[in-house]
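The annotation transmembrane segment is assigned in TrEMBL to 41-63, 75-94, 106-127, 167-188, 195-218, 238-262, 320-342, 370-388, 394-416, 496-516, 557-581, 587-605 (among others). As annotated by TrEMBL, domain 'Cationic amino acid transporter C-terminal' applies to 560-610.
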């Protein structure tokens with residue numbers, strides 16, 4: 001019985017370790033075979049991708065809804081607060097993107113810092129986000145096109161929506177056609193698609209600048225009537241303004257698309273953080289200026305919730321401006337569609353490289369240097385969904401994937417700073433070189449210690465007979481000191497990991513207590529107090545702990561560093577978890593079904609085919625020596 005128990009315990013331990021196994025930061029040692037993605041993108045290209053993906057048509061509607069229901073004239077402040085909250089995630093993304101500049105974005109970072117199972121769930125969630133997001137955006141284009149041309153009857157018959165009573169669906173040929181056009185464009189090459197993205201985004205930004213300039217001129221003529229109200233600047237109070245910030249926060253989602261093109265960036269250490277920063281800054285400035293003008297043109301309660309910007313110009317006898325506003329909405333949707341379809345093939349490629357998905361998705365076309373097979377598969381799926389399904393009811397599921405990714409990225413920053421991976425996986429085929437290098441380095445280290453301390457006469461030499469009958473010299477003080485240093489570092493890392501875990505638990509308890517309305521007030525207050533206590537205690541411990549020295553050499557060095565660690569990532573985790581819990585039970589039930597499906601795929605395929613299944617983990621200090629030894633052997 002004891003042997004059976006030990007065997008079972010060993011199997012459970014092995015299974016758990018396989019769930020948290022971490023991969024190496026991609027480097028020159030990896031993926032030397034096959035074709036690579038083309039490194040052609042500059043910081044300007046990345047900014048165009050980020051701005052185009054972030055500024056969707058939602059802002060053309062959102063300003064009216066949020067101003068009427070939550071903020072009033074304080075809409076600008078809500079956009080500023082939401083932009084600052086999004087900047088917390090942007091700082092975390094910027095450091096990880098420059099340290100680990102490879103395809104996969106949050107999935108890639110989670111695999112390196114946390115483990116395979118968490119990375120799989122993040123990747124699976126992002127697949128859902130990109131698929132539903134792209135289809136929803138595509139179905140939103142045809143109504144705006146119809147509005148631009150003066151009605152659906154003015155569109156070609158093959159692009160008009162048709163109802164099929166037998167199936168109880170409304171098909172949208174225009175959405176499917178647009179998805180397929182974007183798919184073909186993405187297959188042509190990253191530089192070609194980024195050029196089109198830049199042009200479309202420029203048109204969208206010009207439309208927003210027209211709204212700002214023309215609207216500002218009209219507001220100056222009318223005396224900024226929207227701000228001359230009895231209710232004041234905060235008609236719904238500070239709580240309303242903060243509630244508005246939570247709503248408009250989702251209008252900043254999209255800057256993470258910049259990191260999806262990390263492997264196609266010419267100078268990733270510089271351009272990736274720059275692209276993320278410029279994307280968020282431009283979007284925040286444009287949002288704030290548009291909101292200043294629109295709520296200043298007319299009183300917030302007079303805004304049309306469906307077409308707030310067009311109606312604001314119509315009130316001031318500029319009906320023709322509706323065409324420019326609609327053109328901006330159409331181009332914004334087209335840019336967002338391109339931005340939604342761009343990251344998913346690269347995510348599938350990264351997961352297939354790691355063995356978690358079939359190798360079909362990792363093939364890179366030799367001429368265009370893009371994952372054409374993945375792009376075509378994603379495009380066909382998105383086109384079918386956009387043609388047959390109204391996925392607007394599933395749009396809340398898009399937010400889950402993004403917020404989970406934001407949360408995991410912030411946790412990865414904490415792990416990277418306090419307990420960065422100190423071992424790397426190598427294929428089992430290198431086992432003989434690993435054993436040889438380990439023995440050589442251990443012998444060299446012992447010899448160096450003997451020589452150094454023998455010359456300095458630091459300790460007494462106490463000759464003893466070895467097992468072969470020969471005299472050997474021991475250094476009890478040196479060995480003890482080295483052992484104590486190693487134990488101290490190991491203890492500090494364990495304390496850090498446990499406190500990161502306790503901090504996350506405290507955040508979940510606190511935000512759950514704040515969001516669950518059906519519990520009695522006393523229970524909610526007690527849970528909130530417990531969660532806050534756990535959160536604060538663990539954060540204080542992390543702030544007092546010394547960050548691990550290995551962080552300086554982790555990944556690609558010399559890039560952007562996230563400031564104010566651990567406080568900035570902690571604030572990022574708190575905000576994103578609160579927004580996640582606030583999404584509603586219905587959304588989480590649908591997401592849970594998707595995650596259960598993903599878990600099944602991982603158990604029956606990904607876990608069994610993972611490239612790390614038979615990997616051998618070695619200390620980072622041995623890595624270069626092992627590669628040199630294997631290279632010399634091949635030569």
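Placed from the backbone N, Cα and C atoms, the Cβ positions cover glycine too.
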| query | Hey, which of 106-127, 320-342, 394-416, 496-516, 557-581 has the most Cβ-Cβ pairs under 8 Å against the transmembrane segment (41-63)? | reply | 320-342
| remark: Across 195-218, 238-262, 370-388, 496-516, the most C-beta pairs under 8 Å with the transmembrane segment (167-188) come from 370-388
| Stretch-level contact, the transmembrane segment (238-262) and the transmembrane segment (394-416), CB cutoff 8 A, at least 3 pairs | yes
| task | Please work out whether the transmembrane segment (557-581) lies in contact with the transmembrane segment (75-94), by counting C-beta pairs under 8 angstroms that are 6 or more apart in sequence and asking whether there are at least 3. | result | yes
| task | Quick one: average pLDDT across the domain 'Cationic amino acid transporter C-terminal' (560-610), no decimals. | result | 92
| query | Using DSSP, what's the helix, strand and coil tally for the domain 'Cationic amino acid transporter C-terminal' (560-610)? | reply | 40 helix, 0 strand, 11 coil
| task | Could you pull out which residues elsewhere in the chain have a CB under 8 Å from any CB of the transmembrane segment (75-94), counting only those six or more residues past its ends? | result | 63, 66-67, 241-242, 244-249, 251-253, 255-256, 259, 272-273, 276-277, 280, 283-284, 287-288, 291-292, 294-295, 300, 406, 409-410, 412-413, 560, 562-563, 568-569, 571-572, 575-576
